[in-house]
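Novice: Take this structure, written in structure tokens, and hold onto it; I'll ask about it next.
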Amino acid sequence: MILIRRRLQFFFHEIRRTLIAERIPQYKERSALLPGGLNTPFPIVVEPDIDLELLFKSHEQLQENLQQRHWIVDVKKVEHDYQVWKNLNKQIAEATARRTRPEELHQWSEQLYSLNAKFLVACLRLPAPLHGAVPETGTRKLLYEYGSQRKSSLTMRSWRDLAEVTSLDVAPFSSFAFGEFAQLEYILLNYFNKSLDAYNIQMCSTVNIVKSFVIEAFGYHFSDIKNVFNIVAENDDDENNVELLHLFGTSTPLGIVSPFIRTNFPKDILPYYVYSIGRNYNPHSGQSSCIELLAFSNEHSQHLLLDDHHKAGDERAKNFEDMLKKSISSSGTINPNEVNLKSNSIDFIYIQLATIITSFYHRLNLPLRVCLSPTYELLSYESLRLTIEVYLPSQIDYVRVGSVSLIDDYLARRLMIKHNSDNKSYVAMIHARVADVSQLSKCVLEASQTIGRGIKLPSVLVNR
Amino acid sequence: MYRVKYLLNLSIRFHSTLTPKFNPWYDYRAYLDQVKTYINRLNPYIELDLRSAALNWDYILNNENLQTIANNIKQRKENESVDIEHILTLHRDIQNLFHRIEDKKLDSIQGEDQIKLKIQDLYNHAIRIPNNTHPDIPIGNQEQARTLRVVGKKPETNIPRQTIDQIGQELNLMQLENMGHVSFRGAYALFGDFARLERALMYYAFEKLTQNGFKMVSVPDIIHRGIIESCGFATRGKRSQVYQLDYGEEFGRYCLAGTAEMPLAGLLKHNTFRKDELPLKLAACSRCYRAELPGGKGEGNLYRVHEFTKVEMFAVTTNDEKVSQEMHDEIVRIETSMYEDLGLHFRILDMPTEELGLSAYRKYDIETWMPAKEFYGEISSASNCTDFQSRRLHIKYINDNGDEQFVHTLNGTAMAIPRMLTAIIELNWNPETKQIQIPKPLRSLMGNREFISKSSSTPSTQWIKFLS
């Protein structure tokens with residue numbers, strides 16, 4: 001009986017799902033970034049521009065990149081499509097010059113059109129090239145460690161006991177926090193806010209909800225209802241006119257990049273730094289409060305593994321890693337007035353940002369470690385990621401509270417972020433999660449507990 | 001008459017050897033208990049631990065209250081679709097069905113199925129009945145709102161003033177144009193000091209609220225639709241302002257909260273307080289998402305937006321109307337003090353019947369003068385929902401006699417950021433010096449500065465007009 005009921009439930013659920021999918025025409029489309037056809041429900045907002053020649057320059061590097069990221073892609077098939085695509089383009093160009101019969105031209109154009117829909121969309125989804133400093137082994141590479149881990153003891157209480165936190169079925173993606181624990185979140189946000197202001201980094205408050213083409217540029221799929229919070233906004237006048245939007249949060253790279261999509265940076269403004277404070281929504285990790293930073297520059301990374309000349313772990317990449325290590329090690333004594341944020345070298349900016357952000361945690365006097373993430377942990381738009389982790393005694397482990405990711409021009413090419421009014425000058429970008437305050441507040445709470453005297457916050461948090 | 005019938009019935013039973021027959025008209029109390037049992041068994045939201053609403057059935061199903069309820073529905077324009085007569089017809093149908101089963105005119109299994117369907121129908125209609133209305137509030141539409149108090153002096157209206165978006169563009173601190181291409185229509189981004197001012201207003205509200213005994217709560221923005229509906233907001237239908245998520249198993253199971261009142265009310269579901277724990281005063285800051293209709297040009301670009309930040313107050317009191325009215329007044333007093341300190345000119349209105357939501361018993365709105373567009377715009381709303389929400393969410397307290405009673409819930413806006421930003425920036429903008437004077441209470445939160453002026457650090461990025 002129970003089995004029949006479950007089957008029936010599943011059956012009705014499937015019917016309901018199909019009916020919804022029917023009503024939302026966007027779900028039938030292949031791509032929002034490169035929409036095809038006349039009746040596509042996605043408007044064309046940007047023109048993605050991938051450097052295909054560079055992408056297919058080295059078969060080995062592409063294969064290696066995909067393998068290390070644990071992606072299963074038939075590289076040979078994509079490369080074959082690339083050759084066909086190239087030939088077709090060549091034939092059309094020649095035919096146009098020769099003024100060939102329109103029927104023949106039309107036939108080639110149709111072939112190219114259908115290939116574009118598959119091949120170019122597939123290329124858009126390929127991951128960013130790896131940075132030379134990405135650990136070759138499948139494990140994290142420890143760059144820096146600070147403070148001693150306080151072991152759990154009988155007198156030590158977990159953040160769950162110290163904080164007033166409740167999880168309810170009314171909101172499965174987040175818990176309710178009360179009183180001082182809720183206030184601690186705002187104290188921490190204020191601390192990072194002030195710390196960033198000391199570096200004259202600009203604050204920005206932007207949108208939490210973005211359109212489908214934006215999430216596609218970041219490697220998410222708009223119909224993936226298990227990994228993305230989709231919003232279906234129905235038009236009051238026309239039931240068939242539905243708009244598909246996605247909830248990610250202002251404190252995600254998607255939210256913070258949104259005011260810069262399809263824009264041109266003026267000549268002298270780069271490098272430019274901007275940060276935002278706000279929500280971060282994720283179906284798996286729930287709702288959290290984060291501070292995100294984005295850096296824009298006009299110089300690209302020198303250490304990306306684009307062709308066979310560049311190799312992982314080569315001398316230049318090693319130098320970069322040593323510089324990064326050295327700079328982070330000195331983060332405890334950093335002076336905001338002495339930090340150079342004017343350089344346009346994206347690799348240098350990466351080192352500076354990693355150092356600045358680590359210094360914020362130093363001042364909190366928490367046991368922390370800084371690691372380089374292995375390739376399989378990288379998201380499709382990341383070329384290199386450094387993670388900052390703080391020790392959480394009740395978990396007997398470090399938890400990730402911050403990160404610095406090199407994006408280079410991966411997103412700029414997909415979302416048309418340019419500089420110099422030049423058609424091909426795409427900006428290079430770095431995204432940093434300055435702090436995941438929801439996670440960090442647990443660490444601060446456990447580290448600040450005293451025996452019988454409540455919570456004693458670090459001195460930097462006491463003065464507002 | 002009822003008693004006589006009852007006595008007659010008793011006498012028959014006394015002499016009869018047969019088991020007494022249940023008559024839904026004579027044994028009205030027993031019948032009503034049975035109906036309530038059926039209603040309690042309804043499971044409105046399978047995946048949510050929330051029992052069906054404990055509406056005041058004795059009041060709703062009493063014929064004597066028909067006219068009062070009908071008048072109340074009529075006065076609140078929004079709820080014209082609810083028909084109390086239809087509810088009472090369903091009630092009579094159910095009585096008939098009970099009677100026919102007892103008289104063996106209807107098969108008991110078949111009859112029970114029919115009763116269940118009718119009761120479900122009755123529940124679905126009754127749940128849409130609005131809260132009662134305070135007897136003192138004006139009847140009619142917005143025009144009938146009663147001005148209770150006017151604070152501050154209205155700025156001179158003969159000087160043309162710039163709107164927030166014009167000032168934002170001049171100072172290079174706001175982006176409105178083209179944001180609709182990447183997000184909702186009417187989306188905006190704030191930079192530098194405008195973004196700081198947004199946070200300063202938030203922190204200022206927190207400070208004031210904690211000083212007044214409110215406890216901060218960090219709330220989720222994605223909540224189950226059952227909570228939103230229990231708070232008196234429709235999640236489906238054309239008039240709904242709620243965004244439904246298409247996530248996971250069911251479309252619309254989870255929705256985006258339009259105000260922190262929703263998650264705060266949901267947090268308290270199935271809670272019973274001791275009397276000495278009340279009043280409970282909670283405050284939360286949340287990102288609010290609303291499927292608002294685009295406003296007219298007369299309102300400005302930041303007046304009706306699809307997402308914004310808001311600090312909200314939520315209070316729980318005993319079911320004494322005097323006590324909840326006192327709390328309502330306290331909420332308005334806190335709001336007034338905050339806005340007065342920020343130097344705004346505003347008026348407090350006792351809102352008329354047509355302006356009340358489904359849940360409000362009484363509502364006070366605060367409207368401030370929007371200098372550029374020259375109109376009074378709503379910046380705050382405080383509602384006393386009496387037991388409307390607590391009956392749906394089963395929030396109770398134990399009174400002095402040890403009985404469980406439904407609490408009264410109240411809510412009020414402490415700081416609706418975009419509208420406050422509009423009022424403050426437009427009011428304090430000096431077109432000659434090209435500066436905005438920061439209100440005194442916010443200066444300590446803005447690096448002890450007195451003015452906001454043009455920023456060179458915001459890049460004047462240019463929208464790429466043409467695609468190849």
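A Cβ is built for glycine as well, from the same backbone N, Cα and C atoms used for every other residue.
In case it helps, TrEMBL gives these features for our protein:
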type: DOMAIN; residues: B:185-439; note: domain 'Aminoacyl-transfer RNA synthetases class-II family profile'
type: BINDING; residues: B:THR259, B:ARG290, B:GLU312, B:ASN411; note: L-serine binding site
type: BINDING; residues: B:ARG290, B:ALA291, B:GLU292, B:VAL305, B:HIS306, B:GLU307, B:PHE308, B:GLU378, B:ILE379, B:SER380, B:SER381; note: ATP binding site
type: SITE; residues: B:THR413; note: site 'Important for serine binding'
Novice: Within 10 Å of the Cβ of B:HIS306 (ATP binding site), how many other Cβ atoms can you find? Include all protein chains, please.
Specialist: 24
Novice: Roughly how wide, in whole Å, is the group B:THR259, B:ARG290, B:GLU312, B:ASN411 that binds L-serine, by largest Cα to Cα distance?
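Specialist: The two farthest binding residues have Cα atoms 18 Å apart.
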Novice: Under DSSP, is B:ARG290 (L-serine binding site) part of a helix or a strand, or is it coil?
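Specialist: In three-state terms, B:ARG290 (L-serine binding site) counts as coil.
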Novice: What's the CA-CA gap between B:GLU312 (L-serine binding site) and B:THR413 (site 'Important for serine binding') in angstrom, rounded?
Specialist: 5
Novice: Do you know the mean pLDDT across the domain 'Aminoacyl-transfer RNA synthetases class-II family profile' (B:185-439)?
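Specialist: Across the domain 'Aminoacyl-transfer RNA synthetases class-II family profile' (B:185-439), the average pLDDT comes out at 93.
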Novice: What is the Cβ neighbour count of B:THR413 (site 'Important for serine binding') at a 10 Å cut-off, with all protein chains included?
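Specialist: Here the count is 26.
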Novice: If you run the three-state DSSP split on B:ASN411 (L-serine binding site), which class comes out?
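Specialist: Reduced to three states, the DSSP call for B:ASN411 (L-serine binding site) is strand.
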Novice: Just checking: which of B:GLU292, B:HIS306, B:ILE379, B:SER381 have a Cα that is within 10 Å of the Cα of B:THR259 (L-serine binding site), counting only these binding-site residues?
Specialist: none
Novice: Quick one: of B:ARG290, B:ASN411, B:THR413, which recorded positions lie within 10 angstroms of B:PHE308 (ATP binding site), measuring between C-alpha atoms? Sequence order, please.
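Specialist: Of B:ARG290, B:ASN411, B:THR413, within range: B:ARG290.
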Novice: Looking at Cβ-Cβ distances, which residues of the chain lie under 8 angstroms from B:ARG290 (L-serine binding site) while being 6 or more apart from it?
Specialist: B:GLN241, B:VAL242, B:TYR243, B:GLY258, B:HIS306, B:GLU307
Novice: From the Cα of B:ASN411 (L-serine binding site) across to the Cα of B:GLU292 (ATP binding site), what is the distance in angstrom?
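Specialist: Just about 20 Å between their Cα atoms.
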Novice: What residue among the binding-site residues B:THR259, B:SER381, B:ASN411 has the most other CB atoms lying within 10 A of its CB?
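Specialist: Result for the most crowded candidate: B:ASN411.
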Novice: Would you count the other C-beta atoms found within 10 angstroms of the C-beta of B:GLU292 (ATP binding site) for me?
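Specialist: The Cβ of B:GLU292 (ATP binding site) has 16 Cβ neighbours within 10 Å.
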Novice: What is the interatomic distance between the Cα atoms of B:ILE379 (ATP binding site) and B:ASN411 (L-serine binding site), given in whole Å?
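Specialist: So the Cα of B:ASN411 (L-serine binding site) lies 14 Å away from that of B:ILE379 (ATP binding site).
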Novice: Sort B:THR259 (L-serine binding site) into helix, strand or coil using the DSSP assignment.
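Specialist: DSSP assigns B:THR259 (L-serine binding site) to coil.
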Novice: Please report how many Å separate the Cα atom of B:THR413 (site 'Important for serine binding') from that of B:SER381 (ATP binding site), as a whole number.
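Specialist: So the alpha carbons of B:THR413 (site 'Important for serine binding') and B:SER381 (ATP binding site) sit roughly 6 Å from each other.
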Novice: Cα-Cα separation of B:SER381 (ATP binding site) and B:ASN411 (L-serine binding site), in Å?
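Specialist: On Cα coordinates alone, these residues lie 8 Å apart.
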Novice: Can you tell me whether DSSP puts B:SER381 (ATP binding site) in helix, strand or coil?
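Specialist: Looking at the DSSP assignment, B:SER381 (ATP binding site) belongs to a strand.
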